Amino acid sequence: MVLRCQVEVLYFAKSAEIAGIRSETISVPQEIKALQLWNEIEARHPGKDMNEIEEKSKDIIKFTAEKLSIDEVSQLVVSPLCGAVSLFVGTTRNNFEGKKVISLEYEAYLPMAENEIRKICSDIRQKWPVKHIAVFHRLGLVPVSEASIIIAVSSAHRTSSLEAVSYAIDTLKAKVPIWKKEMYEESSSSWKRNKECFWTASD
């Protein structure tokens, strides 16, 4: 005869959401081991993974004339499965080669730009185990100190998201058809080509 005992199991946070209860009492053999007890708990909640809530990965891409929010973009990639969110924020600086810059103006060929960024997201997922990716780029006038681009990546560990963000901005500048005009204080302006772009590499 196998001696049995009553064990009260308490559920907190994510496990409580998955199980749908806060506690339950189960009858188990007195000599039960921890792994056996865990298997018993999972068997009482079939079809539910007690370790992880499934969360589909997201690639969020947006071009907008509105002011970008670092908090908004970073929150879009937050995941309970991740311990790191890495960001790149590109802002308008107030000078270029001795000239005082008052703003930048951006325009893009949107169908191609969005497609190229999706390719970058796909490449990132092949290179690093990341969860969510967000790429927001501002169009039109961007005053000094305001963000023109925000890239956010979440991952379980910081190395993956840090390397992915660096790859994303470098590749975006090289491949995505976005043009920038610098507006100077002396009422002049200049369209600036990106020297990293593949279509200017032969110049």
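Glycine residues also receive a Cβ, built from the backbone N, Cα and C atoms like all the rest.
TrEMBL lists His157, Arg158, Lys173, Lys180, Lys181, Glu182 with the feature substrate binding site. Cβ contacts within 10 Å of Lys173 (substrate binding site), excluding its own Cβ and spanning all protein chains shown: 15.
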Original post:
Taking the Cβ of Glu182 (substrate binding site) as centre, how many other Cβ atoms lie within 10 Å?
Top reply: 20
Subject >> substrate binding residues His157, Arg158, Lys173, Lys180, Lys181, Glu182: largest Cα-Cα distance, in Å and rounded to whole number >> reply: 38
